[in-house]
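If you check Swiss-Prot, you get these features:
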BINDING   10, 11, 12, 13, 36, 38, 124, 126, 215  NADPH binding site
BINDING   125, 151, 152, 186, 209, 222, 227, 228, 231  1-deoxy-D-xylulose 5-phosphate binding site
BINDING   150, 152, 231  Mn(2+) binding site
């Protein structure tokens, strides 16, 4: 029986993870749950799952949860703050950690799981975007196992030979006959909207994704295609690709989740309904297969499958991310920080939709100008850079 810590338990990925665990209750025990500040949802999860441990990033929320659990005679030990999340990520009795905390906040807890040599189900793409080689080196150093949860990276993973699956971050695609990886994306809700109308997009419009059910931040990132840009950076690290080996393709139907092209002309594609329970189940039981609760794909009802080149004038954030990927670690760390700040401001109705790109570009340019030669050889140096980039973004936001 696998014993799990679920980081980001109250979010979309966390909920899907627990759904898969419930489908296969004889195979999984939920030992610990971690979240940010959603006390009510966390209380409900603790009532249902009776975990030994829980952790809340917000100390006040942790205290409220502790009181609520105690008054209901639930014996779950509650930890607080980033330290609490790191603690439940490295518990001796846990062998598998679902890393699903959104954004930079997930970096340290995820790295704690890596340093404890756990099986990491990586849904937090920002951890790799922010730390890159440092993360990959830590996985090897501490004997952790890395399995990608993002639907696209999981699709690529499934289309690659086991010898690559077992050596993520250090694989040689060329030696295994792989010519290129095709990273697919739906293009979001505005792929056919007139570009001149994007300035009027509201948060409500941006979070209404046509295919996937996701949280607000990732939904906005999908609308700008920054999400695909971050996934591009993650794929570069996971699969050790060159620029020539990694391509982005718009696929509006979200049926093919990504593809791998081989030198002999073969293309392997992973297909399925757009439901995160599929890649989650794949990683939770790897290398076995278990039920995810997702309906099988009915090919008679799919209709057409279409593919388009990405238009960078429509998706400038995608171009920013791809450029940052080849500019160095300072660029990807800085861009991720800027994007988190600008998307939060957009969701709070403080800036417009097209301002997101403008803020991201300003911060990226400033970070590249000031920190190009900065030695980023520790988590502390990355976190310092992340903080400085957020300060740059906050300054830029005040001028909008």
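Keep in mind that glycine also has a Cβ here, set from the backbone N, Cα and C atoms.
Shown here: features listed in Swiss-Prot, placed on the structure.
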| residue | record | DSSP (3 states) |
| --- | --- | --- |
| 10 | NADPH binding site | coil |
| 36 | NADPH binding site | coil |
| 124 | NADPH binding site | coil |
| 150 | Mn(2+) binding site | coil |
| 209 | 1-deoxy-D-xylulose 5-phosphate binding site | coil |
| 215 | NADPH binding site | coil |
| 227 | 1-deoxy-D-xylulose 5-phosphate binding site | helix |
Given the binding-site residues 125, 150, 209, 227, which one's Cα is the least distant from that of residue 36 (NADPH binding site)? 125
Have a look at the binding-site residues (150, 152, 231) and report the one with the fewest Cβ neighbours inside 10 Å. 150
At a 10 Å cut-off from the C-beta of residue 124 (NADPH binding site), count the other C-beta atoms across all protein chains. 28
Out of 36, 215, the listed binding-site residues, fewest other Cβ atoms within 10 Å surround the Cβ of 215
For the C-alpha pair, I'd like the distance in angstrom between residue 10 (NADPH binding site) and residue 150 (Mn(2+) binding site), rounded off. 17
Enter the number of other CB atoms within 10 angstroms of the CB of residue 209 (1-deoxy-D-xylulose 5-phosphate binding site). 18
Rounded Cα distance, in Å, between residue 231 (1-deoxy-D-xylulose 5-phosphate binding site) and residue 12 (NADPH binding site) is 18
